[in-house]
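What follows is one structure encoded as structure tokens, with my remarks underneath.
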Amino acid sequence: MTLAPEGRKLLRVEQRNAAVPVERKPEWIKAKVQMGPEFVGLKNLVKKEGLHTVCEEAGCPNIFECWEDKEATFLIGGSECTRRCDFCQIDTGKPSPVDMFEPTKVARSVQSMQLRYATVTGVARDDLADEGVWLYAETVRKIHELNPGTGVELLIPDFSGKPEHIKAICDSRPEVFAHNVETVPRIFKRIRPAFRYERSLDVITQGRDLGMVTKSNLILGMGETREEISEALKDLHEAGCDLITITQYLRPSERHLPVDRWVKPQEFVDLQHEAEEIGFLGVMSGPLVRSSYRAGRLWATAMRKKGRDIPAELAHIADGIQDSGTTRQEASTLLAAHS
């Protein structure tokens, strides 16, 4: 039993069977520990300077690969969200006051870590008049100010879909404007009760219309069907989404939505091919892929396919695509390793 934001108690009744175990994960959902020199250096620096990243604090399985590639993710706006999503491990409640110095703190962390690419995400702040828009936009500005050679991806809530809010975000000029739809229309309201599917699509369209490279994410294993995934991919592309990541739902705790199914690697490979055929400029698909996984690589790919010039100060991100090897969490890589 858990509490909804408005204080109501929610009782979850679950049907158990041998096909959907509570804890046991299939063998393909495993991340190998491969600590390269860049990862070790960042790990020591983060510990020494007391820096905070989502990568470490959320126990992301891709930390070894992303840090080796000099990429990291930061959470802003506090540790409590004003909205509740049934798959998300972030607590719901009344957030603390905004830390006006947080954008500078994040920018300095990026500087200390000498990151090539930073993803910034955060909680929904419906308690604020601007829903947190200033905080998100200012964080992008501060990172660029202190780190002109670092790309920034901004993963936002929907900001109620208000055009003035979306414009303020886009005016801060992140390299990528991201908003995650996460699931399909039929189960959207149950899983994301404070969001609306059509509004999320409209947020992406607004970002596209304002000249952004746009991105979204779909989580599989929450009760959707294969056909519904295909329809959601088409919806996202029609809305103007350039980049897509597709991943497996992993249940944070017994208080969260149960895993409906474990999606096999071949289905992720099939979905990647389907998304590319639909017209997405970049796709990352695999059970342990996360929305910020190899984000710099996806941005550079989109820029090239759009025929846009990559700024000279960020050219090293595109150059690194050839030097960074395979993406270990893509399903195609997993299948090749076990063939």
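FYI, residue positions are counted from 1 along the chain as it appears here.
Backbone N, Cα and C atoms are what each Cβ position is placed from, and that goes for glycine too.
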S291, S292: which one does TrEMBL list with C55, C60, C66 for the [4Fe-4S] cluster 1 site?
S292
Determine which residues of this chain, when C55, C60, C66, S292 are set aside, have a Cβ within 8 Å of the centroid of the [4Fe-4S] cluster 1 site's Cβ atoms, and list them as they appear in the sequence.
T53, V54, N62, I63, W67, E71, A72, T73, T119, R290, Y293
When the Cα of C55 ([4Fe-4S] cluster 1 binding site) is compared with the Cα of each of the binding-site residues C81, C85, C88, which one is closest?
C88
Cα separation, C88 ([4Fe-4S] cluster 2 binding site) to S292 ([4Fe-4S] cluster 1 binding site) (Å, whole number):
16
Among C55, C60, C66, C85, C88, which are binding-site residues, the residue with the most C-beta atoms within 10 angstroms of its C-beta:
C66
Identify, among the binding-site residues C81, S292, the residue whose Cβ has the fewest other Cβ atoms within 10 Å in this structure.
C81
Which are the residues of the chain, C81, C85, C88 excluded, whose CB is within 8 A of where the CB atoms of the [4Fe-4S] cluster 2 site average out, their centroid?
R83, R84, F87, Q89, I90, T92, V123, A124
Cα of C81 ([4Fe-4S] cluster 2 binding site) to Cα of C66 ([4Fe-4S] cluster 1 binding site): how many Å, rounded?
26
